[in-house]
Ligand SMILES: Cc1cc2nc3c(=O)[nH]c(=O)nc-3n(C[C@H](O)[C@H](O)[C@H](O)COP(=O)(O)OP(=O)(O)OC[C@H]3O[C@@H](n4cnc5c(N)ncnc54)[C@H](O)[C@@H]3O)c2cc1C
């Protein structure tokens, strides 16, 4: 008899949801995590603090109100790191309480400390206090230990002038200038937040472009906005070293350029947290990036040990980790469950934000799938004017073969929420006609869907009208065909593209 039916290692989104799902099935469950990390990377150093920081930046800088009240509008003129972190700490505290409470009310035991395997069914959980040492056996395990920032050997991180994306939350002041190394999602989110705070940001990225999985038009818009806030991009450049003195840093690039800045933030990928687990004692291994391989049911090569969340790699999002945890627990205890839908949204919380779901134009073009695009710009929406967003846009990609929605790409205010409307329609196999024929609240940003849908419909209709005319001209002359007015002079075909898109 084991101590527990399920032992979960790591209390981030994947671990929490695995524990709660198993507890709801009536299983005896324990979760182990380090004392100061309840809720995982997600709550303590990743998703929640970064998104709260963003909200604090938006509010205190008055950034989103400047179109209304002018470029000098501020809620607070001198924004200190204390102002920013007060909100972050408050939200982290609340979220930790929520996670702890959810686990406790589902009778999940919380073991504080670092867990390591001593054999395939036994872990030791060691805390920092004397005698803080538990040996626990379990029938099944879920490893949800997440990742930590990867740190290149050539760079000395001091937590003050040279920081990684965890340490950025411990800065003691808002830097006047900053080099961000790595233009991935985390790097570019922080770059945009510091730029909004007035920090002079230089982004260094070894690839020739950034966010290449997103719609290129949207990425161009983001770059335009960031440049407008004095962000400099250095693409196809590699950092060779970072020099630090008491007055600041110099980032040396392989091309010979030298960039001075108060602070350097590295955001160069993440590494699976598996070193402390002593996986070999459980008969498991991790790859060179610390990741554990799993099958479609999140089961590792050892049958009773599952792994979920960032430690298994792509897509490494809190949103997916939660469902992976739930599904792993269901599979472990034979509870029937459906697989996750393939259609998943991506949200990038830059300022302004980006979100998309489904296919990109580039993908469809390379697969020779015919499509048409409908565009709506926030500046033409009443709600866009009300919230002061003139740059936002929503793009629909629609199949010209059957009018189904293939992709939705949003840039601007509320993009990460708005995307779900398109996702729901796509998930149900819906067509653009649903949006054309549906009344939406007015004035809202959701109205962008209606405008973009009418835009696509008009373009598709133009092609159809052309085809119709071609087939009428090819047909043998009739006495009085539909395009004839009886005088032998053809009626002009209306130009559907120039029809108003919506609202007028
Ligand atoms: C800056 C940043 C911003 C992000 N923004 C978003 C976002 O906007 N949206 C989104 O969906 N995702 C976002 N993510 C990703 C998201 O945070 C992760 O996908 C998510 O936290 C992964 O969950 P997880 O279950 O793998 O566990 P994690 O949250 O990674 O937590 C793992 C836990 O395991 C614990 N642990 C590790 N080893 C041991 C051990 N041996 N014993 C005991 N405990 C151990 C750790 O202490 C930690 O608490 C962001 C990440 C970062 C870094």
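Every residue, even glycine, has its Cβ placed from backbone N, Cα and C.
Of the residues 127, 129, 269, 272, TrEMBL puts just one in the NAD(+) site with 182, 183, 184, 185, 186, 187, 188, 189, 205: 269. Listed binding-site residues: 182, 184, 186, 188, 205, 310. Those with a CB atom under 6 Å from ligand 1: 186, 310. Cα separation, residue 310 (FAD binding site) to residue 205 (NAD(+) binding site), rounded: 23 Å. Cβ neighbour counts within 10 Å, taken over all protein chains shown, single out 188 as the most crowded of the binding-site residues 186, 188.
In the three-state DSSP scheme, residue 188 (NAD(+) binding site) falls into the helix class. Spatially close to residue 51 (FAD binding site) yet at least six residues away along the chain are 349, judged by Cβ distances under 8 angstroms.
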